[in-house]
């Protein structure tokens, strides 16, 4: 009876290596699931922003006694529409891929890293050039004979400003995604190992 009681008292205090490995594996799976869910949501946010900016700009046109203007009249705004459409499509596709449980391989990490970087610069360029056009439309520039048009087409400029602001928010999301994909890629590489030079040490001792 004493042995059995001692045995019962010791058993809960000790855990087998297999049990420890199983618990750590479950914890890793929970962490991976949480990270996968967070990344999926982070990739869906710029998709929604891109669609919103695209729709606002597509519907942006105004007519009055002075004439009519549409987003298609300006190359910068056409670029903004195309860039938001491409980025929204990529965000949806990458979110679907990120949501699927699969091992993170080196080719996959490189693909996400490169595409996230490219799309970040694409959407940033669209937002920047559209901002310049909006500035000229508001302030004008006599040096290039560009007159201020927002006083005449205030509604058009207002919608264009909304689309550009939404695009800049999408740029922030893509910048965060670029950091995440960079981290996932470069953590797969081993840290450099410093090998001490025995020749130098020997020279120092003999000197």
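From the backbone N, Cα and C atoms, a Cβ is placed for every residue, glycine too.
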Membrane_side_equal(residue 35, residue 59) from Swiss-Prot:
no
Looking at 139-159, 160-180, which stretch does Swiss-Prot describe as transmembrane segment?
160-180
Same-chain residues near the transmembrane segment (109-129), Cβ under 8 Å, at least 6 residues beyond its ends:
46, 50, 76, 79-80, 82-84, 86-87, 90, 94, 164, 167-168, 170-171, 174-175, 177-178, 180-182, 184-185, 188
What mean pLDDT score does the topological domain 'Cytoplasmic' (181-207) have in the model?
61
Which residues, given as numbers and ranges, are at least 6 beyond the ends of the topological domain 'Extracellular' (130-159) yet have a Cβ under 8 Å from it?
56-57, 59-62, 64, 66, 69, 74, 76-77, 79-80, 167
